[in-house]
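Colleague: Residues or ranges marked as active site, proton acceptor by TrEMBL: HIS203. The NAD(+) binding site annotation in TrEMBL covers GLY34, ALA35, ALA36, GLY37, GLY38, ILE39, GLY40, ASP60, ASN120, ILE143, SER144, ASN145, MET255. The substrate binding site annotation in TrEMBL covers ARG107, ARG113, ASN145, ARG179. Look at TrEMBL and you will find 29-171 tagged as domain 'Lactate/malate dehydrogenase N-terminal'. Under the heading domain 'Lactate/malate dehydrogenase C-terminal', TrEMBL lists 173-337.
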Amino acid sequence: MRSAVLKSTSELLRRSRRGYSSSATPERKVAILGAAGGIGQPLALLMKINPLVSSLSLFDIAGTPGVAADVSHINSPALVKGFMGDDQLGEALEGSDVVIIPAGVPRKPGMTRDDLFNINAGIVKGLCTAIAKHCPNALVNMISNPVNSTVPIAAEVFKKAGTYDEKKLFGVTTLDVVRAKTFYAGKAGLPVSEVNVPVVGGHAGITILPLFSQATPASNSLSQEDIVALTKRTQDGGTEVVEAKAGKGSATLSMAYAGAVFADACLKGLNGVPDVVECSYVQSTVTELPFFASKVRLGKNGVEEVLGLGELNDFEKQGLENLKGELKSSIEKGIKFAHGN
């Protein structure tokens, strides 16, 4: 069994290399801030085997040298360096094309994403201050929760530093899309690899709005009750994992996968691959709210186009109205924190 797994992994790496000629692929540096944590470690592994990454910079307050040594032994091209402590943060960031931020404390049973706010907000503010100084042109992929607030915090930090570019700041909501695809495919009896479901709004509870009416392939086998249940399960996916792990963790592996998927899309966009579209929480005029998750076309400058919501059914229209108050409050909370601390 073990040899079969190793063989399939080796084949994956070979196919990846064939798909991206090293001579034609630009050199790209990716930095992961919080690389020794529950999300950071599997994310480091996944970015190490991504053929678009030539340099992988791993940073955390402790434990990073071990993670860097471990993943550096993998026979894929990316060169890995580990950095530890605030005095090495600048060097870790220097020259980065993409910065992924999973840093912070994870959610525990009974905690909401909002409970994480005071700890993670301060961490994000400090890291973004360093990004503004050392790699102001990097695409910033925010994973640290609550994303609904941490993205506005990052925006305010960058504005204060004079480096803000709304095209280069993303809240990673890809896990909501991954869950919606998986749950929809399972219920509809469709091959999950062929399924797509846009998810809009934010990245917490009722602010997560999967648009199953726009799912492809469409399914006529799902009742309205099924759609309501799938929507609720997508919204509560994080809680489902926290409870299943019984106090010993949160959604780290699936989040690392989702983070790697979105970072890969960003790299493809930077490299000029056409029609790269993912859902992300960005500065937006799609609604009256200043930040909102919807489909985004990625390109050489980050966001090339923020796409509209498309046609919503009555259930989705009501969901959209229901989420606006909570999302607005989370955005304002982030902005207030950025200015008040």
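Glycine is treated like the rest: Cβ placed from N, Cα and C.
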Colleague: Here's one to test understanding: among the recorded positions ASN145, ARG179, HIS203, whose C-alpha is closest in space to the C-alpha of GLY34 (NAD(+) binding site)?
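Modeller: Going through ASN145, ARG179, HIS203 one by one, the closest to GLY34 (NAD(+) binding site) is ASN145.
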Colleague: Helix, strand, coil residue numbers for the domain 'Lactate/malate dehydrogenase N-terminal' (29-171) per DSSP?
Modeller: 66 helix, 28 strand, 49 coil
Colleague: Work out how many Å separate ARG179 (substrate binding site) and GLY40 (NAD(+) binding site) at their Cα atoms, rounded off.
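Modeller: Just about 20 Å between their Cα atoms.
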Colleague: Rounded to a whole number, how many Å is the Cα of ASN120 (NAD(+) binding site) away from the Cα of the residue listed as 'active site, proton acceptor'?
Modeller: 15
Colleague: In the structure shown, which of the binding-site residues ASN120, SER144 has the fewest Cβ neighbours within 10 Å?
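Modeller: Sparsest of the binding-site residues ASN120, SER144 by Cβ contacts within 10 Å: ASN120.
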Colleague: Determine, to the nearest whole angstrom, how far the Cα atom of GLY40 (NAD(+) binding site) is from the Cα atom of ASN145 (substrate binding site).
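Modeller: A Cα-Cα distance of 14 Å.
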Colleague: Over the domain 'Lactate/malate dehydrogenase C-terminal' (173-337), what does the predicted model average in pLDDT?
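Modeller: On average, pLDDT over the domain 'Lactate/malate dehydrogenase C-terminal' (173-337) sits at 97.
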Colleague: Once the chains shown are all counted, how many other Cβ atoms turn up within 10 Å of the Cβ of ARG179 (substrate binding site)?
Modeller: 26
